[in-house]
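Participant: Sharing a structure below in structure tokens format, with a few things to ask.
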């Protein structure tokens, strides 16, 4: 584990919640600029999902939802991760994703589900966000 103190180590990567509110694209750019190879977080198994949820519940200040790196770039329900990892696990909240009013193409962790489940959201919404890095 080479993660700095306030990062969550998991499966060879490090994760950190940033509490400043940003639109999805700005959050992804922030993660990328933080260090080469960083992105908004991708989640691939239920266990990771739970560990991340627990970490966010401990360290997230405020009520904002939390961006992760999943988005519908083509706007056709073909979800992809910004780190280009495979979309092999999805943890949608009920009746999600719904592209509500054909405006929701970015994915957030839902605070009401303890950050365990996901929903699509308007990409311009300002949220806290979860970066993933290798150190």
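Glycine residues also receive a Cβ, built from the backbone N, Cα and C atoms like all the rest.
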Participant: Among 76, 83, 120, which residue shares the Ca(2+) site with 96, 98, 104 according to Swiss-Prot?
Facilitator: 120
Participant: Work through the recorded positions one by one (3, 31, 96, 131) and name whichever has its CA nearest to the CA of residue 106 (disulfide bond).
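Facilitator: So, of the listed recorded positions, the one sitting closest to residue 106 (disulfide bond) is 96.
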Participant: Rounded to a whole number, how many Å is the Cα of residue 3 (disulfide bond) away from the Cα of residue 104 (Ca(2+) binding site)?
Facilitator: 33
